[in-house]
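Novice: Quick paste of what Swiss-Prot says about this protein:
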COMPBIAS  459-471  compositional bias 'Low complexity'
MOD_RES   1  N-acetylmethionine
MOD_RES   374  hydroxyproline
MOD_RES   419  hydroxyproline
MOD_RES   422  hydroxyproline
MOD_RES   456  phosphoserine
MOD_RES   485  phosphoserine
MOD_RES   487  phosphoserine
MOD_RES   491  phosphoserine
MOD_RES   688  phosphoserine
MOD_RES   836  phosphoserine
REGION    444-472  region 'Disordered'
REGION    627-651  region 'Disordered'
SITE      490  site 'Interaction with PIH1D1'
SITE      491  site 'Interaction with PIH1D1'
SITE      492  site 'Interaction with PIH1D1'
């Protein structure tokens with residue numbers, strides 16, 4: 001026979017029947033009050049055994065019955081909201097876990113927008129505001145052995161963390177502010193603090209507690225990407241609580257230790273980002289990094305080598321945490337070894353984005369600042385070997401930021417690891433990053449805070465000067481003796497200073513007046529002043545005497561290409577380059593043929609080869625400039641055939657064209673005259689053919705002929721990748737300058753073949769040049785010619801560009817690939833308009 005139903009079961013069954021069928025408000029009110037006996041709210045209270053039976057077996061059915069009866073008419077059975085308040089008290093005063101689950105079940109089961117849905121949602125918001133979520137988690141922290149407890153915990157875990165998603169899906173436009181993720185997870189963080197405080201109180205009272213459920217809630221919330229909201233509230237509160245309580249520290253350590261492995265990375269990353277300083281991080285984590293392998297991997301590998309999201313203060317907190325305990329310091333030394341090994345790896349330098357390389361460099365310097373000389377001494381040889389390998393690879397890089405990182409880190413590492421040896425010194429441009437890195441390498445002592453610095457500076461700035469200028473005149477003569485001498489001291493103030501801004505240094509050697517004289521002075525003269533005067537006058541003479549220049553153009557280009565600085569001449573490189581550009585512009589084809597032939601010749605330095613590329617680019621730009629041919633010469637110009645002068649040439653003393661005084665006066669009148677209107681539209685500059693049209697092939701094609709043939713001293717596909725990158729950029733620039741020329745299509749086809757042969761180059765600077773070259777082709781050729789002559793090449797390039805835009809480690813390469821893809825898409829849209837529906 002089945003056992004007889006208990007008194008509680010019979011009472012609950014009768015109450016549910018009455019609540020389901022009765023329409024009498026007084027009867028319903030009395031029934032609910034009778035049930036509240038089992039919650040300990042009414043007199044006479046039920047027995048503890050009856051309360052436990054009601055809470056474990058009958059509370060959820062009662063709540064479901066109350067939720068099913070919810071309607072406007074049912075709540076109005078009693079006036080003044082008495083029935084509604086009594087109805088809500090069952091959800092707010094009984095077991096929090098069951099009330100929460102019934103609330104969520106009713107909300108998720110509601111069929112569309114309704115009165116019941118909104119009423120239950122508002123009741124859930126009140127449930128959260130009154131701290132019932134903390135009560136729910138406190139109940140899960142007690143050691144429980146009831147059947148189904150694990151299943152209940154998993155259900156609660158999913159509902160608690162995913163509450164904003166569930167409510168957002170059900171309420172949509174009617175969602176309440178309490179359920180917004182940014183608000184809910186902050187509230188959840190505050191409730192976690194309350195639960196941890198309750199756990200501490202229980203431990204102080206001698207009761208056992210567990211924080212595993214809270215750890216799972218924290219881990220799942222962080223995995224969902226809500227670290228900032230929940231830890232932004234949790235970490236400052238815990239930092240304050242753990243500062244003076246070792247028991248709070250132990251509870252925090254246990255909280256993080258019991259986070260599931262799948263959520264450990266998200267939680268630790270959020271803690272490192274939220275903790276202000278290594279002291280706070282150490283109080284929250286303890287020696288977790290030593291005990292937990294997953295935590296050790298995250299803290300010493302993933303955050304340092306595989307990510308670059310941590311800022312400099314976060315890196316200092318993380319590595320400072322490793323340095324603050326004797327059990328963790330061996331990990332810090334091991335981290336430094338692995339960081340330097342990665343920093344010095346040629347493969348990592350080629351395939352790692354620049355932000356990640358900066359991240360690793362900062363971590364290396366912070367580690368060095370945290371470790372002492374005795375700890376570094378035992379690993380000196382290993383660290384020096386990694387550092388020297390890294391310096392070599394970084395100085396060979398084509399990217400200036402990579403080279404600068406190598407110089408800065410090498411200086412600091414060598415000084416710290418081998419202080420008694422000769423220091424490494426490099427010359428590099430100081431910028432914000434270099435100053436930050438050097439500051440990381442030499443941190444201030446613990447006592448040198450900002451406040452101390454501020455107090456030391458205040459007296460210096462507030463203290464009046466010990467002596468005034470009047471007191472130190474004439475060797476300290478008293479001011480009373482100088483009272484009558486003020487007029488004598490100031491008597492020269494009425495004189496106007498002589499203007500010496502136009503003065504020029506007197507030269508004993510006169511500047512040459514002919515191009516041949518300049519060639520002779522540059523090649524044979526031992527007079528330094530005459531040599532310098534010839535160099536400064538050469539550009540202007542070339543532009544003013546094109547006929548004489550063409551007679552010796554190749555010889556002059558050869559002289560300038562091999563010219564070395566005999567003495568310290570201000571702007572020597574610029575003078576030499578502008579003179580070479582002037583010669584190339586004046587006689588383009590022969591000089592371009594000579595320069596391109598010398599680019600692949602023996603016995604030239606990399607600097608000379610890059611100078612050739614720069615000169616070709618600048619000369620092509622000058623030749624393609626509109627109005628460069630047939631331009632009216634300035635009055636006073638000695639030759640009617642003078643080409644357009646570059647601005648730099650006009651600014652030089654030796655190449656300035658004398659201006660007629662009438663021109664000066666007319667220009668002043670024009671600048672001072674205000675005209676309200678003019679009769680006709682202003683005409684644009686007169687059009688003229690591009691001089692680059694006929695010589696573009698001389699500049700372009702010879703540079704492509706031998707790039708894959710190594711020489712004894714020059715290998716573009718080997719170590720000289722810097723020049724290869726400059727060559728790719730130069731070819732792209734020449735392609736842009738050849739727009740609308742007859743040879744542009746052939747140039748574009750050859751350039752795409754060059755790009756295709758090198759598309760998988762390991763150097764980022766070379767890839768940047770290749771991607772720029774592709775964009776140059778797309779911008780320079782007419783759309784019809786691209787589709788007619790280069791369709792196959794463009795189809796091949798499209799898939800490569802998409803792959804680069806998605807996977808290339810260099811950010812600039814990804815950006816250039818995206819621009820090229822946009823140009824291709826624009827070309828497609830222009831030629832193939834969308835079909836009408």
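Each residue, glycine too, has its Cβ placed from N, Cα and C.
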Novice: Could you tell me the C-alpha distance between residue 374 (hydroxyproline) and residue 419 (hydroxyproline) in angstrom, no decimals?
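Specialist: Approximately 12 Å lies between the Cα of residue 374 (hydroxyproline) and that of residue 419 (hydroxyproline).
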Novice: Please give me the CB contact count at 10 A for residue 422 (hydroxyproline), counting all chains in the structure.
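Specialist: If we count other Cβ atoms within 10 Å of residue 422 (hydroxyproline), we arrive at 7.
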Novice: Looking only at 374, 419, which of these modified residues has the biggest number of Cβ atoms within 10 Å around its Cβ?
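Specialist: Highest number of other Cβ atoms within 10 Å: 419.
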Novice: Need the DSSP three-state call for residue 419 (hydroxyproline) to compare against my parser.
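Specialist: Reduced to three states, the DSSP call for residue 419 (hydroxyproline) is coil.
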